[in-house]
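Straight from Swiss-Prot, the features:
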- Gly169, Asp170, Arg171, Gln172, Thr173, Gly174, Lys175, Thr176: ATP binding site (BINDING)
- Ser362: site 'Required for activity' (SITE)
Amino acid sequence: MNIKPEEITSIIRQQIENFNTNIETIDSGTIIQIGDGIARVYGLEDCMEGELIEFPNDVYGMALNLEQDNVGCVLLGAEEGIKEGNVVKRTKKVVEVPVGEALVGRVVNSLGMPIDGKGPVLTTETRDVEVPAPGVIDRQSVKEPLQTGIKAIDSMIPIGKGQRELIIGDRQTGKTAIAMDTILNQKGKDVICIYVAIGQKQSTVAHIVNDLTKMGAMDYTIVVSSTASDSAPLQYLAPYAGCSMGEYFMHKGKDVLIVYDDLSKHAVAYRTMSLLLRRPPGREAYPGDVFYLHSRLLERSARLSEKLGGGSLTALPIVETLAGDVTAYIPTNVISITDGQIFLESELFNAGQRPAVNAGISVSRVGGNAQIKAMKQVAGTLRLELAQYRELAAFSQFGSDLDKESVKRLEKGKRLVEILKQPQYGPMPVEKEIIILYAAVNNHLIDIPVNKIKEFEKELFNYIDTHYRDIGKDILEHKQLTDELKSKLDKAINDFKNVFLSEI
């Protein structure tokens with residue numbers, strides 16, 4: 001290539017004019033120790049708590065321990081190929097996850113990356129994983145019901161939008177089943193559901209996703225999965241990531257339901273991380289801030305004020321107990337953070353009462369305001385009558401003669417217990433719950449044999465749907481049982497009862 005001498009001078013002049021003196025500075029550090037998913041890094045002077053740190057091989061870490069001479073980082077990926085002496089860089093960003101409508105119907109990991117084989121999540125919006133909870137002024141009181149479709153819960157332990165209701169019980173007592181039924185019951189109610197699986201078996205998560213897909217619930221559900229094979233840092237991040245995804249919809253004025261399954265495994269993952277970071281252990285070897293770990297997560301559930309759009313985030317955290325011991329560290333912590341608890345007992349479960357809700361020690365501290373008036377009218381005495389029945393049942397085991405009133409109460413109690421039984425994946429619309437509870441509480445079932453109650457319930461709904469279709473509509477419209485509606489209900493139940501008893 002021949003360049004003329006006069007061209008050379010113009011090229012040099014051009015280069016000098018376009019010469020860029022910008023210097024790019026990168027905050028970097030050196031790994032001085034690595035192992036067990038923890039890296040100690042020297043030289044990151046102005047690092048933030050919770051900042052993303054870039055490691056070799058496209059692996060990111062999170063700065064958790066800011067010490068005088070080094071920074072303790074947890075790795076959010078595989079540590080293979082990363083060794084002492086490697087250079088790491090600051091990103092000057094905290095951990096964030098993708099949010100938006102594109103996530104609905106997807107299964108993602110703790111960092112929002114898809115793991116369902118359906119291609120990338122097409123969204124440009126992200127949100128920090130750790131966000132401060134809304135303040136007192138930004139909230140309004142819980143006053144709208146969130147129906148679970150489970151008779152025992154909607155009647156005695158009602159949940160409102162924006163509430164945090166703990167589901168607590170031993171393993172294999174139906175905790176996840178209650179959460180799943182609640183998700184299924186939100187179909188067609190414009191509620192976004194998020195199921196966060198923490199430390200579960202991969203087969204269990206696959207089974208849940210399969211069931212949700214089969215029932216058509218994945219159309220409004222996001223599944224965030226951090227299974228038992230994931231590292232402790234990823235399990236630790238999962239609920240915060242799910243919460244951020246839910247907050248996006250809450251700030252858009254929508255109602256969101258989020259299930260954390262379960263926070264016991266979350267605390268164990270955090271304990272693992274803390275001990276590896278050499279933080280001092282406390283009770284049951286958990287670190288001192290394990291209460292704050294869960295309180296800052298659950299406080300993010302709220303019903304926002306109308307000024308902020310009036311959206312809500314309702315949380316159903318799940319905690320597993322050992323041999324029914326609710327006085328252990330994590331259960332007592334979460335009980336004191338939440339607005340009530342649904343306590344499930346293995347004795348009731350094994351006795352065939354499913355859902356195995358112990359109505360005696362289960363409470364809802366704020367949901368009563370959210371209950372519709374019609375449900376309050378039928379369920380007002382339910383808890384008391386069940387408690388009296390249990391007491392009488394225990395007393396009658398001694399074989400002593402009971403007076404007529406006590407026998408009547410026992411018979412009514414047996415039917416109430418039978419009515420509160422419900423199969424899994426069978427959530428019930430609120431108007432049907434009210435109809436059958438009205439029948440049970442007002443002694444309409446006293447002459448129906450206990451073993452025929454389930455059959456009676458099923459056929460009663462069919463009868464009312466055929467002959468008294470307007471009853472359900474009236475309940476939903478007025479949200480209370482007027483005298484006219486009560487007499488209509490009494491007539492419908494008595495008409496059907498005469499037909500039913502004549503066929504037995």
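Note that Cβ sites are derived from N, Cα and C of the backbone, with glycine treated the same way.
Feature map: Swiss-Prot annotations on the structure.
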| residue | record | DSSP (3 states) |
| --- | --- | --- |
| Gly169 | ATP binding site | strand |
| Gly174 | ATP binding site | coil |
| Ser362 | site 'Required for activity' | coil |
Spatial separation of Ser362 (site 'Required for activity') from Asp170 (ATP binding site) - C-alpha basis, Å: 15
Other CB atoms within 10 A, centred on Thr176 (ATP binding site): 20
Rounded Cα-Cα span from Ser362 (site 'Required for activity') to Gln172 (ATP binding site), Å: 18
Alpha-carbon distance [Ser362 (site 'Required for activity'); Gly169 (ATP binding site)] in Å: 11
Cβ-based neighbourhood (8 Å from the centroid) of the ATP site, residues Gly169, Asp170, Arg171, Gln172, Thr173, Gly174, Lys175, Thr176 excluded: Glu320, Leu344, Ser346, Phe349, Ala356
Sparsest-packed among the binding-site residues, when each Cβ's other Cβ atoms within 10 Å are tallied, from Arg171, Lys175: Arg171
Largest tally of Cβ atoms lying within 10 Å of a Cβ, found at which of the binding-site residues Gly169, Gly174: Gly169
Among Gln172, Thr173, which are binding-site residues, the residue with the most C-beta atoms within 10 angstroms of its C-beta: Thr173
Candidates Asp170, Ser362: member of the recorded positions with the richest Cβ shell (10 Å): Ser362
Cα-Cα distance linking Ser362 (site 'Required for activity') and Gly174 (ATP binding site), given in Å to the nearest integer: 15
